[in-house]
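Q: Copying in the features that TrEMBL gives for the protein in this structure:
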{"type": "TRANSMEM", "residues": "24-43", "note": "transmembrane segment"}
{"type": "DOMAIN", "residues": "103-523", "note": "domain 'Major facilitator superfamily (MFS) profile'"}
{"type": "TRANSMEM", "residues": "143-165", "note": "transmembrane segment"}
{"type": "TRANSMEM", "residues": "172-190", "note": "transmembrane segment"}
{"type": "TRANSMEM", "residues": "349-370", "note": "transmembrane segment"}
{"type": "TRANSMEM", "residues": "410-429", "note": "transmembrane segment"}
{"type": "TRANSMEM", "residues": "470-489", "note": "transmembrane segment"}
{"type": "TRANSMEM", "residues": "564-583", "note": "transmembrane segment"}
{"type": "DOMAIN", "residues": "638-1055", "note": "domain 'Major facilitator superfamily (MFS) profile'"}
{"type": "TRANSMEM", "residues": "707-725", "note": "transmembrane segment"}
{"type": "TRANSMEM", "residues": "882-903", "note": "transmembrane segment"}
{"type": "TRANSMEM", "residues": "915-932", "note": "transmembrane segment"}
{"type": "TRANSMEM", "residues": "944-962", "note": "transmembrane segment"}
{"type": "TRANSMEM", "residues": "968-990", "note": "transmembrane segment"}
Amino acid sequence: MTTIALDDVLIEIGTFGRFQLRQFLLMILPLVFNAFSNLSYVFTAADLQYRCYIPECENRSDALYQAEWLHAAVPFDRNQPVRCERYEPFVNTTDSDYYLQCQAPDFNRSAITRCFDFVYEDKAATTIVNEFNLTCDENTWKITLVGTIHSIAQALALLIGGLFSDRYGRKWALLLCIALGSTLGIVRSFSMNYEMFLVLEFLEPLLGSTMYTTAFILGQELVGPKQRVFAKSLCLVVFALGEAAMGVIAMFVLNWRYYLLALFIPGLVSLSFLWVTAESVRWLLSKGRNKEAISILQKAARVNRKTLSESTEKYFASNHYQRNESPESLPASTSFFQQLAEVFKYKRLTIRLAICSFCWFTNVMVYYGLTLNSVTLAGDKNVNFILITLVEIPGAVSMNFIMNRFPRRMTQFVSLALCGVLCLVTLAIPEDDSWIHTAMFLFSKMAISFSFGVLYIYTAEIFPTNLRQSLLSMCSMIGRLGAIVAPQMPLLTKVWKPLPMTLFGSIALLSAFTILEFPETGHIRLPNTASEAENLKQSSSDNVDLDGVLNEIGQFGFFQMRQYGLMVLPIIFNALFTLSYIFTAGNLEYRCLVPECEQPGTDVYDPFWLNESMKVDNDERCQRFQHIANDTLIQHECNSESFNSSVIIACDRFVFPSDENTIVRDFNITCAQNDWKLTLVGTMNNVGQFVALPIAGYLSDRYGRRWILLVSVAGSAIFGLLRSLATSYEMFIAMEFLDPVVGSTMYTTAFILALELVGPKMRVTGNNIISCAFSFGEALLGLLAMYFRDWRILLRLLYIPGLLSLPLLYTTVESVRWLLSKNRKEEGFKILKKAAHINGKTLPQATLESFHTTTSSNTSHKSIESKNYANLVRDALTNPGLVLRVINCSFCWLTNTMVYFGLSLNSVSLSGNKYLNFILVSLIELPGFFLMQLILDRVGRKKTLFTTLVLSGLFCIISVFISDIPALKLALFLLSKLSITMSFGTLYIYTVEIFPTNLRQSLLSTCSMFGRIGSMVAPQTPLLAKFWTPLPMVLFGFLGISSGIAVLQFPETLNNELPNTLEEAMNMQGNDIIPSADM
């Protein structure tokens, strides 16, 4: 009998019809209740604003939180009264006359005493803080312990709930969870003390926290593959609305006891109609209860107005499903440990389970960490909580569109990495700029919410039916460790205030990399057995041989020279565009304007009275001494007697030493508190590149290199010119972001277009031409900035040639390798014939016919064009060797970009003329390229890359120990730049040679995208010097040496043909193995 899978039956009865919709509508209630249960402690155990009660100055009945006399009686910190301390009164009395005279002389400000009675800011609000007197720092742990105890209970319960659900059914597990969770939540509202509250806070999730996973499985398992993302989006939207509803309820129900009743009573009421929900058909089939499953399928078909075929009913009724579809299904009596032992028999499933658990831990910790911290942001805490929950909805909606168009692994990876980057970017934003800080906070939450939604679907798709809920619950249980840790994150701020966000960002990025080990599961059937789950992969692509033809027509003839001549233009533009912010957002020298001694617009930067009016050598350029007289003096009357050097005041007008104009002057970005705005420009530029590169790489691999190059040059030039017209800092920073978003693939696309039609022996020469063009562009940028010192004029000079070059760039030819990989052979052959003609060569007909036969034979087996992009990526990222190669390559790119741009950015801070320094540091790259030309083809790619990275790291570290010798320090600076330049050039060639044609630009763009994390961080590295001056150079050195070691995993590619398929790439000589010590 023909095998019939359940997903085939779903197509027959409807993959998401009225029956599934009704099921999802019923699941809305437990999802909302789970949101209430998960986060109710955010408000019931919320900390409050309070201060000491001052009996000498106020009565209990009319005490105000912000009394007029409060500064006299209570110490203040950041404009808020200290919560548990007050000044001692000189006289201990509550006489009414004295009560009316509470002034500073009445209190001893040198004697601070502890208080035990308090006045609360909002008298109507009650939480366990004022109910159980959990005030002051010594009780902070009791407040944070509530959330931790809740999460510990969830971690313990999820495993038990998963086992119960897999053994006795999803439906009854769901009903039991809601009944017990609601009952214990109501009982908690009657707590008599903190201990009783804490015990019930533990028991409620212990018996009810599997509500979400059970409802999710019930809703998801009877949905077809194409509708799973939509179904999950519904779950996320409902959960987010539940969270937001909880914030709205907290806004109006201020008493924590009534608040709990409002949350949990509806749970008990819902049981009256939740019992009508249907059991999971997949679970029934996995337990051999086929008749019940058929009954539900028949009902679903009837409700969906479909017909369940008789053959299908007979197939399931005769137990063929259980024998054919699930031969490895475990018996119902199998224990959890036996089930786990079954998983451990499969190497991939074991690794998958470990990585999945880590990803759950990351998602849960960051998700709840951001949610819990939302109430500490500036503004109304209830509104903040509602916003932080509602921002999940656009994440859920966008997930519905994105996941059906991009692979699961890619979306999971990007969302986690983006969350990590956004968390780290918030470290550079001062808390005073609350709207920017809140915006980044919201974007971080949206990214992790998106990631969480993808992870739920991904977890359901990578594990087999008979273990799905158990393993999902196990991963979720490990994830709950993150929820246990999350409430304790505020304690880390006592060590270093940004430490929680640093931890969130770092662990999210690390988790993103581990996702690459997962198989791609988009649009495939749910696996029913461990064997099916173990083998979620597909075969690789087909072969196209071109390097032999290049030997016939010339590896680097006039045709390739002309192509390179055209590609030099976008390479130079990329250098000009990428680093323009060094001069447009460059910091300037300035000092305070002294209106008592000079007029605005003065051109005298160093008058004779300057030392008398301010500290000239002071790092703070926005302070000066107070002038003694109030009337305006003429210049010659300003002397040492005109200023009081013991009183320092801030200034808001400045004098600049030259006519150089950057955004510092135009947008008044002066003083230390605005330094972050200048460093943010470079970071936003690189964030734009980071966001754009994978998308542009995908478009380039799908639609061709040539058109993407033209769009990049045009789009970048337009946004660059718009940036020169910016009327505010916000407009400037927006254009600084959009420019690389549309144009950042310029370099990689031009590089690929130029190099793909060059033979193996001439690739180093070709790469050197590109690298020299980029260095020339950098030096040209410094030269133009030296003579055109107005940033608006400079931008127009840089970007107008980009638009003018488009007609010339239009004549470039498409990549032959790309055309062949897309089965567009005739176009490819036409370009090869043209190349042979221009190079003065003859392409023999026999060679062309043989080549045609080879490509036709390869593509006839399985057309590369018919294989969609998701399948190509799936092939690549289910290959462990290639995954390791991508990870190592990405790390090497991160190191190279961080050190390369870090040294370039810091060159303008060296002693001497900053423009000449920048030009010299750019030109020092040229000998690096020529040395690379001599070395690469003699010693190989691996040894060259290893040596240059390690040398760069050593030079950086050695420079730390010779800071007192400027000349030697400068020499080491240049040697570091020389080494990292050679490393960067080698890495570009290496990256092209180790990846196959049909994924070459995508993987190059992916590695380059991670490299952009380095260039994002590079503008912020000067901030590390505030902790320890040599720290940036130590970091550069450590990364250089670490990356050098990682390079040893790469295969040697010297004189090898470019691989066209995944199989060729992985079978290259020296494949990814480090020789053992005894070899």
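Every residue gets a Cβ built from N, Cα and C, even glycine.
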Q: For the transmembrane segment (882-903), give me same-chain residues lying six or more residues beyond its boundaries with a C-beta closer than 8 angstroms to one of its C-beta atoms, as numbers and ranges.
A: 513, 516-517, 876, 921, 945, 949, 952, 956, 973, 976-977, 980-981, 983-984, 987, 990-991, 994-995, 1003, 1006-1008, 1010-1015, 1017-1019, 1021, 1032, 1036, 1039-1040, 1042-1043, 1046-1047, 1049-1050, 1062, 1065-1066, 1072
Q: Sequence-remote contacts (6 or more beyond its ends) of the transmembrane segment (349-370), Cβ cut-off under 8 Å?
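A: Residues 147, 151, 343, 388, 412, 416, 419, 423, 441, 444-445, 448-449, 451-452, 455, 458-459, 462-463, 471, 474-476, 478-483, 485-487, 489, 500, 504, 507-508, 510-511, 514-515, 517-519, 530, 533-534 contact the transmembrane segment (349-370) from elsewhere in the chain.
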Q: Flag the pair the transmembrane segment (944-962) / the transmembrane segment (707-725) as in contact if three or more Cβ pairs fall under 8 Å (sequence separation 6 or more).
A: no
Q: Do any residues of this chain, six or more beyond the ends of the transmembrane segment (410-429), have a C-beta under 8 angstroms from a C-beta of it, and if so which?
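A: Result: 359, 362-363, 366, 399, 402-403, 436-437, 440-441, 443-444, 447-448, 450-451, 454-455, 458, 498, 501-502, 504-509, 511-513, 515-516, 518, 676, 679-680, 683, 687, 690-691, 694, 873, 1013, 1016-1017, 1020, 1023.
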Q: Quick one: mean pLDDT on the domain 'Major facilitator superfamily (MFS) profile' (638-1055)?
A: 78
